[in-house]
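Below is one structure; the comments refer to it alone.
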Amino acid sequence: MVAVSSMRVGGPVAPRTLAATAETISDVQSLYQSLLYEYDYEVEQAWGKRGPGFSSDGRPQRWAALLEAGRGSLWLGRPGAGRAHVEGTIPSDLVGTYVRNGPGLQVNSGKTKRHTFDGDGMLLQFTFPGGEGGRVRFKNKFVRTKGFLEEQAAGRPTLRTAFTRGSVDGNPFFNPFDFNLKNCANTGVLAWAGKLLALYESGLPHELDPRTLETVGESTVGGQLETPVLAAHYRVAPRRGGDGNGDGGGVRDWVAFSANTGLSGTELIFYEFEEGSGKLRHSPTRAVLPGTRMALVHDIAVTQDYYVAHVGPLEFSGAKFVTEYFTSRCSIAECLQYTPDKPSKIWLVPRPTGTAAGQEPRVIEAPATFVFHHANAFQSTTQDGRQTLTL
């Protein structure tokens with residue numbers, strides 16, 4: 001059973017309990033499987049259990065292995081049989097493209113087994129052209145990061161990741177102060193201003209061709225990023241109207257952020273990019289979080305007036321860093337420890353376009369909670385005039 005709850009500044013909302021089904025368990029287990037091949041084929045409504053585009057053994061005729069057997073054979077073998085099966089009807093009025101990103105290549109070489117979160121990013125794309133007959137085109141492709149290309153050429157892991165214990169080859173002797181970690185480009189994806197970006201927790205985005213999914217390279221979003229980091233999660237926020245409350249005419253902004261954290265402290269930088277031009281709407285907003293070291297801010301929420309960052313009671317353990325990280329018994333990520341006897345802090349950073357613009361950030365203490373992702377946040381006014389924020 002999984003408990004799901006939300007938080008309202010001023011008091012928590014009663015949690016809901018969700019049952020873990022067999023399908024959910026199967027989905028979770030599939031995280032540990034690699035997707036080794038890149039496909040590009042079209043599914044037609046008339047296929048049924050099998051039809052045009054598939055060979056007699058159910059395998060797509062137009063499959064293409066990422067690499068031929070050889071130096072990359074550590075991870076790649078021959079493609080298995082596949083089969084398209086269309087149940088129901090593909091809506092004729094469904095038009096558009098759906099893209100998702102996730103770790104597609106899991107590494108377990110005997111000596112080294114990477115965490116699921118450290119898998120190389122793979123984009124999966126479903127394109128629905130619409131019209132009668134119900135068609136959908138499927139395409140998937142790895143993000144060709146520098147690290148991905150280097151490791152594929154070597155046929156083995158060569159770079160450390162956030163969850164690497166010791167050296168990349170399983171050797172207990174390594175440089176513990178080498179924090180140059182691999183950008184896996186495996187977490188977020190965004191189509192914005194004619195570009196497609198694959199996002200990762202601690203590195204630059206990677207730009208891809210939105211039609212072919214070919215990797216263009218690392219992106220600084222037109223030179224507009226102030227640090228070589230952009231978080232994997234973001235918000236697309238409707239723009240406010242001229243009166244501050246009305247309709248913004250359907251205009252939206254991409255609200256992104258970077259979390260620059262270390263032993264010296266944490267600073268958040270918030271960006272807002274226009275939908276048409278992709279240009280910054282205004283200068284980035286910086287917010288230093290006093291009293292926070294090595295904070296984990298994986299996601300944010302946005303209201304009409306504030307950027308909202310939940311900082312849970314995670315602390316960097318110097319003792320674990322020395323006794324376990326140095327001795328290859330834990331990764332750098334595992335040096336963060338949850339301290340439930342301390343409160344969470346919710347930071348409200350004023351947006352430059354909101355009614356609180358120009359004010360100092362506000363911080364509200366809340367019960368100890370670890371938050372990885374936010375569903376939404378919104379402001380409201382009670383009958384007695386109090387402002388309430390629901391997160």
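Cβ from N, Cα, C; glycine included.
Taken from TrEMBL, the feature Fe cation binding site covers HIS233, HIS298, HIS373.
It is HIS298, among the binding-site residues HIS233, HIS298, whose Cβ has the fewest other Cβ atoms within 10 Å in the structure shown. Listed in chain order, the extra residues whose Cβ falls within 8 Å of the Cβ center of the Fe cation site residues HIS233, HIS298, HIS373 are ALA231, ALA232, ASP299, ILE300, PHE372, HIS374. In sequence order, HIS233, HIS298, ASP299 are the residues of the chain that are 6 or more apart from HIS373 (Fe cation binding site) and have a CB within less than 8 Å of its CB.
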